[in-house]
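Colleague: What TrEMBL shows for this protein is this:
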- 1-71: domain 'Cadherin' (DOMAIN)
- 71-189: domain 'Cadherin' (DOMAIN)
- 188-219: transmembrane segment (TRANSMEM)
Amino acid sequence: RYFIDWKNDVDSYFTIDATEGTIATNELLDRESTAQYNFSIIASKVSNPLLTSKVNVIINVLDVNEFPPEISVPYETSVCENAKPGQVIQTVTAADKDLSPAGQRFSFRLSAEASNKPNFTVHDYRNNTAGIETRRNGYSRRQQELYFLPVVIEDSSYPVQSSTNTMTIRVCRCDSDGTILSCNVEAIFLPVGLSTGALIAILLCIVILLVIVVLYVALRRQKKKDTLMTSKEDIRDNVIHYDDEGGGEEDTQAFDIGALRNPKVIEDKKTRRDIKPDTLRFPRQRPPVEDNTDIRDFINQRLQENDVDPTAPPYDSLATYAYEGNGSVAESLSSIDSVTTEADQDYDYLSDWGPRFKILADMFGEEESYNPDKVT
């Protein structure tokens, strides 16, 4: 009988027929993962299993061309703006994950879509290397900073494997000897012959000019605002209005109607009647009131006195008193319910009101009992 001496998990890739001793694979093998397997096979006698022998078996996995060749390392390729046609800007090599047999060769060429673009070309040196060459006279960073060049690489094994590798070529600024000066992004915007220090100086001047313009605009706005405020203060005879609702009789102190008066009258009078004067008021000499003066004449006389007196209250205000009063023992004196003629009226009840109403009782009582000469 034959069987495998299991020592590790690698032995599980193979199996052996117990009777024939035939070794077979148990799983798929990958040379790139494990190129060689080493294990032991034990043979024992059927009639006496204690009689055994052991032998080591080494299995080498053969290579199959299953991986395409690729560029060996990532290249950082650059070209000068002043490059001439035919200049070699990069040399490339290839690598293959497969076990390359002796004499394995790689070939290099441009892809079909890049062959029609007259920018760069690939020169195969036929020693597993190739050169990237320029095809035009000069390159401009402002027009195009980066170029992408697809390169096809093939091997010579069977079956043939190939891959397309895209190379990135950056346009840089160089001196006359071909030495690269700068390939950074900000260099694209620099004019020819303009250094970084000069660019910083230009930017600083621009910033200073912007600050000056902002300050100038701010001062103009402030000056304009001050002029408007001054002009508002210089306005004469402007209309003054009050938005507050008023408080009834208290408006006599809150509302200034002096602005609504005739200016000429104010200049002539030189006195304001909308506020209480600070000067001492002297007692006015009022003419004596005659006994039989009509009430209308008396009111007109007092009204005329107040019109010409600037110190007389209520200082250009109108006070209305609508309170009639209550509790009078004389009851109402209204003539609404009075009789139509004086002859029908009876004033005898005035004699019952006491001494204060004696004169009224004499005036409206019997005509013969009233003597004006006796009234004091």
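Glycine is no exception: its Cβ is also placed from the backbone N, Cα and C atoms.
Computed from a predicted structure; not experimentally measured.
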Colleague: Tally of helix, strand and coil residues over the domain 'Cadherin' (71-189) according to DSSP?
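Modeller: Counting residues per DSSP class in the domain 'Cadherin' (71-189), I get 7 helix, 53 strand, 59 coil.
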Colleague: Give me the mean pLDDT over the domain 'Cadherin' (1-71), rounded to a whole number.
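Modeller: Looking only at the domain 'Cadherin' (1-71), pLDDT averages out to 88.
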